[in-house]
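Annotated features in TrEMBL:
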type: DOMAIN; residues: A:65-113; note: domain 'NADH-Ubiquinone oxidoreductase (complex I) chain 5 N-terminal'
type: DOMAIN; residues: A:129-423; note: domain 'NADH:quinone oxidoreductase/Mrp antiporter transmembrane'
type: DOMAIN; residues: A:640-703; note: domain 'MrpA C-terminal/MbhD'
type: DOMAIN; residues: A:714-803; note: domain 'MrpA C-terminal/MbhE'
type: TRANSMEM; residues: A:6-25; note: transmembrane segment
type: TRANSMEM; residues: A:72-100; note: transmembrane segment
type: TRANSMEM; residues: A:134-154; note: transmembrane segment
type: TRANSMEM; residues: A:208-233; note: transmembrane segment
type: TRANSMEM; residues: A:302-326; note: transmembrane segment
type: TRANSMEM; residues: A:375-397; note: transmembrane segment
type: TRANSMEM; residues: A:474-493; note: transmembrane segment
type: TRANSMEM; residues: A:533-550; note: transmembrane segment
type: TRANSMEM; residues: A:596-613; note: transmembrane segment
type: TRANSMEM; residues: A:654-674; note: transmembrane segment
type: TRANSMEM; residues: A:713-733; note: transmembrane segment
type: TRANSMEM; residues: A:774-792; note: transmembrane segment
């Protein structure tokens, strides 16, 4: 265990402490205790910044399931460090913010912080794991914790809807990604990303390469809310605002970007990779910003804005992948500027969007609404919040001197350079990329202005607000103030980032290109009167015009009928799926035990019979394996058969129960004769207990009725009972007939004392050699007993309501 | 109809303790002789069932105030934690070890094995499950 392992595991250990902290220190807000964790981890990770800036990497391995090549291996490079700093850094601010946002009197803080810590640990696991199976595990854990956090106010219908939607979409993508990972394993014979990168040459020629890429991209696109999977993100805004700021803007939705960046060394240079990543990114960028303008809820605007910004970063990562193909290699920076811009904007987005979410949370908290039609004129009432909003939105709109301006300029440089590329048909279609990017930027400008001016200027309408608006408590303002300070600091001194974090990160995304060419150049504010600057000026001019004339052109949104929206499609698919599954279930789940037994037994007959016939496994036992049958064995066998046959004729339930008991005791006598004392003992006790169980509930059972149904019913029964009998007899005989194979019992005989220190082989197998089986078996038994318990208890309590539903 | 079950009750009072003692013996004997957590658990459960059959359910509940669902959980927890415990020694999940110790009363060279702790988990789980199922069905008066 290295410190990196503890970075991932510590949040999970804290989860165990949360209930106790919540219960025994309820005078203090639980958030204060939790706050120490992300701050501590952030400082710890910061101390590794110099090492990583020097271009070193840190790697540690622990075997987890070595036999399956699954190792809990952690890997810290520029990319991993950047993300873990974001997770812990924004995490600290969000926890601090939540202390003021969630009141300790009325909210269930223990569940909130449990989920939040689960998420933090899982997210750190995603960005620090090198083994893709471990990565996948943490990936799904982020989806689950996100689900739980969105549904935090689970009594609201919309929260549940949003939570389910996000879960279905992201887990669907996650499963696709798992399939992609397995394909990668088939090609490279390793689960380690490092080792895959060293095998690119042999992998890229294989036929599974493109399918694997598509599946992995599906995972990344669903997680990062790319068009058309973006529909879950706006609905996820039902979560408490700290959660939206943390998961759905700064960290979790960036996991998809992380995945694309992480797999860039493997896939970069492929035409499909470039077109998919850039194409989906640009379309998402446009669609997100275009739709943000029509929203009236502040959080919805921010949600669509996040969708759009994620698309922008995605497209930049796609453009950056062209640098692998650049010729001569010195030209690589021509395209790699896009990757630098992507990473730079990723940091900037976390700062200004985090601040904006917190700002919206404050407005919501202090006025009781987020609807821009009700808000207005808050500037004088909430001056500090207004300042935060102003800086955040101006940075988002790409105005100088904030950091958003710099990354927006670099973005324009990136998309401009694409048009000069000479591969993948870019000469003809490439021009679309800068055009869409520019139009999207105009809409970005418009909604940014909407956020700040519709909320804070204009006429104050106190009669529409639930609360009397006033400035937020100071503690709630600290986190967004820290973030907007960073917006300004990164805006004025962007080069504190270049050498320290941008260069190592870009190097881990494009290792083959940048090795030896320290090509992340200085970021400067002034490049002269070039195309990028004119593009920005155009954005501001047209954006201002559109903002002022919004009433006139807003009707174009009505051109897109709701009937054809992706949301409607999702809802209808869900309803149809439920209907169809219901129909399938009703068809075969009749509620009659007899029907289920028919399914089970016919399945046994078919599968076992198929194997017997197909592989001709049946061998009549050879003469030397057959022992003579003793008289008492005859007696036992005949009594068993007689008892079994008598059950059919039993007229009362009591007789039937006793006869079943007789069969059971006979079988245990067989175990005694054939020297299996453990089995005999178990069988005896099981029989005793089940007879006792029958006696206990005997009075409640209905009168035994002979089911004299039609002839078809009886013939089915006859066929199935004969079938099972014949098949099992044949199998029992062929077990004796197999003589070529060596029995595995020899191994247990030799090793049970030597290796496990036990003389009783059966017990040693149960608890040691096959201990894992036993553990899972008792878990299954436990679940079954809970099932019995809840079926009976719930039936008692809910009987009336169930009948009403019928 | 009131059943006169004096004989059953009198015998149960004596026999149930014999069964319980036997079940513990079987459980401990498990590693080297026939027995183990599964059988031990079943026999303990059968002793409890006998008590429930002979006496009034409410009465036995006050004598043996065990929440069997919690007992199941405890058993599962012990079993899983035994598995996790091997991580502390840098071993794969569910690795067992054993050794011989000289203990007072139990004599020299008594074998102590970690597998028994795991088996204890199995024992608790089996008792818990059996009793949960039997009591839920038995209590269901509808």
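Glycine is treated like the rest: Cβ placed from N, Cα and C.
Panel annotation: around the transmembrane segment (A:474-493), residues 93-94, 96-97, 99-101, 347-348, 351-352, 354-355, 358-359, 362, 365, 384-385, 387-388, 391-392, 395, 400-406 of the same chain, lying at least six beyond its termini, place a Cβ under 8 Å from a Cβ of the stretch. No contact links the transmembrane segment (A:596-613) to the transmembrane segment (A:72-100), because fewer than 3 Cβ pairs that are 6 or more residues apart lie under 8 A. Listed as Cβ neighbours of the transmembrane segment (A:134-154) (distance under 8 Å, sequence separation of 6 or more from its ends, same chain) are residues 8, 64, 70-73, 111-112, 115-116, 118-119, 121-126, 160, 162-164, 166-167, 170-171, 174, 177-178, 181, 219, 223, 236, 238-240, 243, 247-248, 252, 255.
Under 8 Å from some Cβ of the transmembrane segment (A:72-100) lie the Cβ atoms of residues 2, 4-5, 7-8, 29, 31-32, 34-35, 38-39, 41-42, 45-46, 48-49, 52, 57-64, 112, 116, 120, 123-124, 127-131, 134, 192-194, 240, 242, 245-246, 250-251, 254, 258, 261-262, 343, 346-347, 350, 354, 358, 361, 472-473, 475-476, 478-480, 482-483, 501, 503-509, all in the same chain and six or more residues away from its ends. Residue counts for the domain 'NADH-Ubiquinone oxidoreductase (complex I) chain 5 N-terminal' (A:65-113) under DSSP, helix first, then strand, then coil, are 32 helix, 6 strand, 11 coil. Nonlocal intrachain contacts for the transmembrane segment (A:6-25), taken as residues 6+ away from its ends with a CB within less than 8 angstroms of a stretch CB, comprise 33-34, 37, 41, 44-45, 74, 84, 109-110, 113-114, 117-118, 120-121, 124-125, 128, 138. This prediction places the mean pLDDT of the domain 'MrpA C-terminal/MbhE' (A:714-803) at 80.
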